[in-house]
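Okay, structure first, notes after.
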Amino acid sequence: MSNRDQVLKHAVQIQRVEEGIFLGLQVTGGHILLPLIIATSFLSKATPRHTIFLNFCFSWTLSSIIFSLLLYTERSDAQEASLTPGANMCLIQAALVNGIQAMSGIAHSRIVFHLTILGYRTSSTTLALVIHIWSVFRQARRNGALSESLIRPSLRNAVFLTLPSLIFAVFAIITLMVGDVPVEDNKGNTIPNLAVPTAFYCIILQKDGTLKLLQAVYVFTVTLAFITFFFEGLTMFEIYRRKTALQKFTPKGLTAVFIRLAIFSVLRTLILGFNLIIAIQPQRIFQAGLSKTFVFNGFVDLLQASLPLAAGLILGTQKDFLDAWFFCKRRRPSKRVDVVQVDVAQEKSYQMDDEKFIDIK
């Protein structure tokens, strides 16, 4: 066996192992655990969750499906190191990947602040609302009462549920328009579009050999993640500074739930930072070697694939979920009231006060 054949065989083995790990992470977190959380929330009266919480779980389930499409079907022969997906399939996945990256950034911002703000019934999908939430904590009355949002709950909920889908559609459509351009390779053969496969999924490699579109997606998502993380820290500071007064108005479990989302926030921001580095330096995507579809070091993608599992573990290990899943070991009902449960219980109360606004002094 020649040295080239040995290198190829070794590359194939590494690729198959990484594919198994990648798909295993996606399936465990996004195909099993998160859907289980959603189903439990619907079927069990002991685990009520707000629609925004469920939408967050759904967005990461959808993400895991989209990133796994190339591994479901249209794979190359097991003896080859390069990928050979269909052109249309590759373009569709590239569009969905860009859309879900932007959508998950919006969804993450919403759920972090939805669970952090507690009694104050606001979730964040834009930087403006994040700043507004932070300012409300700063302007809370001295007796501890939190100011109401200036946005009506019905309108606010509609925005929170539709904005991520609109962001997803916009990025996906733009990717389809940019990528659906026939080009010729060095041999004069026509290539249907600009979508090319990486180790696990497809992206758009533009005519000039750059990844400007992918870079734009990551810049948008990373910027939102870092700004959200910054205001999350400010919000945590406000909660700490007013913890004595806020104890009368916030349910138990504040610290535990906030820590769970803070951990996920740090993990996701770190991984997005790695992805941004790759987007800025496209040469890291493709390793020079046998072909332009030769696998690259999939370390960052494996980290990305761990996010649905991390979300499932962080959110699914709340006590009420564990009690519902392991009911045979449950001794007595928990007296602990979770943040999202209180939020559900307060839904009608906030709707009744839709026209009521409290002046901030």
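Cβ from N, Cα, C; glycine included.
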Annotated transmembrane segment segment (source TrEMBL; candidates 84-110, 111-137): 111-137
Candidate ranges 20-40, 52-72, 216-237 - greatest C-beta contact count to the transmembrane segment (158-178) (under 8 angstroms): 52-72
